[in-house]
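First the structure, in the form of structure tokens, and then the observations on it.
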Amino acid sequence: MASQRAVQLSLRKPAHAVCVIGVGTLVDVYSDVPKGAKTFEVSGSSEVKIYMVYDPSRVAEPAGPAHWPLDANVDVVVVADTVSKNLHDLKVKVSYFKSQDTAALAHSLLYLTAVDVSLDVDTGRTGKVKKGSGDKKNWRWGSGGSGAILLVNCDRDVHGSREDLHDSHLRSLEDLQDMSPMVLSCDGPDDLFKSHKPVLKASLPDSRRLGVFCARGGTSLSNYKQVLGPRHNSYEVERHPGERDIQFYVEGLAFPDASFSGLLSLSVSLVDTRPLSEVLVFTDSVTFRVAPWIMTPNTQPPLELYVCSVTDMHGSNDKFLEDMSHLATKANCKLVVCPRLENRNDRWIQDEMEFGYIDAPHKSFPVVFDSPRNRGLRDFALKKILGPDFGYVTREIQFAGASGLDSFGNLDVSPPVRVGNTEYPLGRILIGGNFPKSSGRRMARVVRDFLHAQQVQAPVELYSDWLSVGHVDEFLSFVPTSDQKGFRLLLASPSACLQLFQEKKEEGYGEAKQFDGLKHKTKRSINDILADRHLRRDSAHVQKCIDWNREVLKQELGLSESDIVDIPQLFFLKGAYAEAFFPDMVNMVVLGKYLGIPKPFGPIINGRCCLEEKVRSLLEPLGLRCVFIDDFLFYHQLLGEIHCGTNVRRKPFAFRWWNSVP
């Protein structure tokens, strides 16, 4: 039972006070006491409950009709349980006595006006506000937790250039659906609210990260006014006569980040505004958490496949687009082609952006994270993807340009995993960087800070700086499976490739040639490859780099060797950095059970590519379908593959992030 300020009583005149129903008011029975008084008793209106608060070790509770001793260890708290119909219509009477058997020496009177003032939000996470439900001030994770949730209003419901969060005026009623409802109860005698005003307030830092709109009903946009936000952190609520509940809508303006935990608080105070008063009568507070941006792994069903139409010295990539169209059709997935006019001949759409989503009990929608690489596709996400119920977020690097590791081919996420006793029901984010405690390239801190601050997909930093491009998608991928594990981790493996070629040599196919079927590319026999000491040395170095990541992934994702599939792949060093010797097969696009895999142009044995056959034998028993696609001229020769040149929006998790415990 929360208590307000103490109300002092007087023997000379009645005291008057305002109380909030359900909230204790401390009554000071000691400030003005008649001479000779030793005991007291308290009575009141039937709508007022009276509580004696005391320490049993110091004060004995009186028996029967006996009075309470005038002892400073005894407090009187009164609680009204009904809203007043008129001013001062509830009474509390304190009588003072010299002894138990004598008449009262004097009486003090307290007249109360009881009001209902509370701020309520969806603490139960049902999508609806329930009055008086649970602890509103504290936000708790987990399936048994509580606390309201805000979405960052980062979509654009009306055509314009920026996200809705930049608007201080409501531009469409649909925008209210992106906001969290909040109800202010202010029931009581109208005359009281002429002098006592509800004041809504946020701290200055919080006011820069949220917006609050007051709703006065109707379908006109003018009925909705922003009352709190970056320009104002306090609002004296305009209560109309007879009004019991006032509706508000709250929007998030910023995602969690290095300097922002994601928690935001709002309070309402009932303030006595009469001259020479300005007394704070009561305060109620609520706490929101801003919904994090969540990535979706390859195990989630695909919804849309994005790919760019480009032209270069080899002509147009129409054949590749046709292959992507066939793959999308098989996977029952929509194909979205970004035309040259919009991509400015930038084909690396995976590097430009990452699809994710935000989720609250009342609303969810996809959000695209625009990378800071800012090349030909730099305007595509903002101008062509941002729209109604499709949000946008980005992080820009200050005072420096983006490195190759800031592209989002260097950003992935695992399926849900369990590591020891720790559950990661939304998986873990994977990013690439330099070898620990060494100099080298890393993803920009501003991006890493953003990813860590989302909390629900705790990032793991891998070692990718050994690659020329430096992206994690060059040596790993995840594929869905129908068994109990639900997925496999695919790792590129030079050792597996050399072992396969050695087996084929021993079977008598040493003269079968890599790159058979490719024009303008020197063919190399299996014998030649196996005899190439430089290639073997490079392969040994690359294998060590991948093996280091393998151990990190096993530890951080709770994987065993049976959860990993080694995909044969050779690399060579160009200077100090590695590049794929033939199209990098782990750099695939995953559309459900259909895998769009870079065609490796491996040695042809008995009419079939031995590399393709090996990969089929590894993956198709898992229920997957391998579709090998030629990306050699338009992607591989430019140090990228199919995954680099495509992007997939996937179905969000059924699991609700607030039920996790980071």
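Including glycine, each Cβ sits where the backbone N, Cα and C put it.
The annotation active site, nucleophile is assigned in Swiss-Prot to Cys644 on the grounds of similarity to another entry. The secondary structure of Cys644 (active site, nucleophile), as reduced to three states from DSSP, is coil rather than helix or strand.
According to Swiss-Prot, the Ca(2+) 1 binding site annotation covers Asn153, Asp155, Asp157, Asp164, Asp175, Asp178. Within the same chain, the residues at least 6 positions away from Asp155 (Ca(2+) 1 binding site) whose Cβ sits under 8 Å from its Cβ are Glu163, Asp164, Asp178, Phe365, Val367, Leu386, Gly387, Pro388, Asp389, Phe390, Gly391, Tyr392, listed in sequence order.
Every protein chain considered, the tally of other Cβ atoms within 10 Å of the Cβ of Asp157 (Ca(2+) 1 binding site) stands at 21. Annotated Ca(2+) 2 binding site per Swiss-Prot: Asp155, Asp157, Asp178, Lys363, in sequence order.
Under the heading Ca(2+) 4 binding site, Swiss-Prot lists Gln350, Phe408, Leu411. DSSP classifies Phe408 (Ca(2+) 4 binding site) as helix under the three-state reduction. Its Cβ taken as reference, Phe408 (Ca(2+) 4 binding site) is surrounded by 26 other Cβ atoms within 10 Å in the chains shown.
Summarising the annotation, Swiss-Prot assigns Ca(2+) 3 binding site to Glu352, Asp370, Ser371, Asn374. Around the Cβ of Ser371 (Ca(2+) 3 binding site), 26 further Cβ atoms fall within 10 Å across all displayed protein chains.
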Using Cβ atoms only, which residues of the same chain lie under 8 Å from Asn153 (Ca(2+) 1 binding site) while being at least 6 residues apart in sequence? Glu163, Asp164, Leu165, Asp175, Asp178, Met179, Gly211, Glu251, Gly252, Leu253
Could you check which of the recorded positions (Asp157, Asp370, Ser371, Asn374, Cys644) sits closest to Gln350 (Ca(2+) 4 binding site), going Cα to Cα? Cys644
Using DSSP reduced to three states, classify Asp175 (Ca(2+) 1 binding site) as helix, strand or coil. helix
Minimum Cα separation from Asp157 (Ca(2+) 1 binding site), reported as the residue among binding-site residues Glu352, Lys363, Asp370, Phe408, Leu411 that achieves it: Lys363
Would you please pick out, from the binding-site residues Asp175, Asp178, Glu352, the one with the fewest other Cβ atoms within 10 Å of its Cβ? Asp175
Quick check on the binding-site residues Asp164, Asp370: which one has the highest count of other Cβ atoms within 10 Å of its Cβ? Asp164
Which recorded positions from the set Lys363, Phe408, Leu411, Cys644 come within 10 angstroms of Asp370 (Ca(2+) 3 binding site), judged by C-alpha positions? Phe408
Which one is closest to Ser371 (Ca(2+) 3 binding site) in space, judged by CA to CA distance, out of the recorded positions Lys363, Phe408, Leu411, Cys644? Phe408
What kind of secondary structure is Glu352 (Ca(2+) 3 binding site) part of, going by DSSP in three states? helix
